[in-house]
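Peer 1: Sending over a structure as structure tokens; questions will come in a sec.
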Amino acid sequence: MKIILFLTLIALASSELYHYQECVRGTTVLLKEPCPSGTYEGNSPFHPLADNKFALTCISTHFAFACADGTRHTYQLRARSVSPKLFTRQEEVHQELYSPLFLIVAALVFIILCFTIKRKTE
């Protein structure tokens, strides 16, 4: 228990926040700057934009922002060679024979037929 409290205290005292982002290699990633007067620490091309945003080219990179209050925001970009959603084939939507709607309609027709046949025999 003391070890957990000690580790929690160390984590709070370090005041370092981590941000992870996945992207497609070669595209541009738009991120929000964590603090307006932060210092950029990294070797990737950094393009500041309006509204406290910045753009980076997506490569596997590690960089950080050091804020004036002492908080350090560490970013990790993970570049993928292709997006998993780009080449997925859109399958046609087809109605199966035993879908719930079909079964409900079939049950209602069966019950109606049973009552009409029963009345005809009486």
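Each residue's number is its place along the chain shown, starting with 1.
Cβ from N, Cα, C; glycine included.
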Peer 1: If you check Swiss-Prot, which of Cys23, Cys35 bonds to Cys67 via a disulphide?
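Peer 2: Swiss-Prot annotates a disulfide bond between Cys67 and Cys35.
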Peer 1: In Swiss-Prot, one of 88-92, 118-122 is tagged motif 'Di-lysine motif'. Which stretch would that be?
Peer 2: 118-122
Peer 1: Around the C-beta of Cys58 (disulfide bond), how many further C-beta atoms are within 10 angstroms, looking at every protein chain?
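Peer 2: Neighbour count, Cβ to Cβ under the 10 Å cut-off: 19.
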Peer 1: Cα of Cys58 (disulfide bond) to Cα of Cys67 (disulfide bond): how many Å, rounded?
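Peer 2: Cys58 (disulfide bond) and Cys67 (disulfide bond) have their Cα atoms 23 Å apart.
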Peer 1: Rounded to the nearest Å, what's the C-alpha distance separating Cys23 (disulfide bond) and Cys35 (disulfide bond)? Just drop the number here, would you?
Peer 2: 23
